[in-house]
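As annotated by Swiss-Prot, active site applies to D8, E67, D139. Under the heading Mg(2+) 1 binding site, Swiss-Prot lists D8, D139, citing sequence analysis as support. Residues or ranges marked as Mg(2+) 2 binding site by Swiss-Prot: E67.
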Amino acid sequence: MLKVLGIDPGSRFTGYGVVEWGGGKPRYVASGCIRVTGETLAERLRCIYLGVTQVVSMYAPDEAAIEQVFMARNADSALKLGQARGVAILAMAEQGLQVAEYSAKKVKQSVVGKGNAEKWQVQHMMQAMLDLQAKPQADAADALAIAVCHLHTQQSLMRIGSVSSSRRGRMR
């Protein structure tokens, strides 16, 4: 069973979501938010690093995925998001994980069916798709959606690979 960690990086909250592929669909394992504390930038980045490291140690995912940085109207916000993303990627890479990257548009398209979906729609779909009792917090829902998007992508690649292999076998 493939277990994936999704990360939604942020300078105040970093969402995480862990899902695995089981029974032909994504299955919920865990989700939550790392509350980013600290007065200085270095302290906040260290908080993200340690939090992601702890999540990886706790849930032992096979693969990881993170949202790509989008160019916000505020360059300072985009820079801070990029820094948060960087330490999250480092924390996962140091524990041997390959980290896939997906745009917010691709993630929303994968789980909601439209790339310009609202946050509440992502929350609703994660609740429905993963059979959750309640809507997950917005950052955790985004992280779950990133993990589900990665699972969908991996499953599609595996199907394409098996079709290609079977075609090659018939051509011989």
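Cβ coordinates are placed from backbone N, Cα and C, and glycine is handled just like the others.
D139 (active site) falls within a helical segment according to DSSP.
DSSP classifies D8 (active site) as strand under the three-state reduction.
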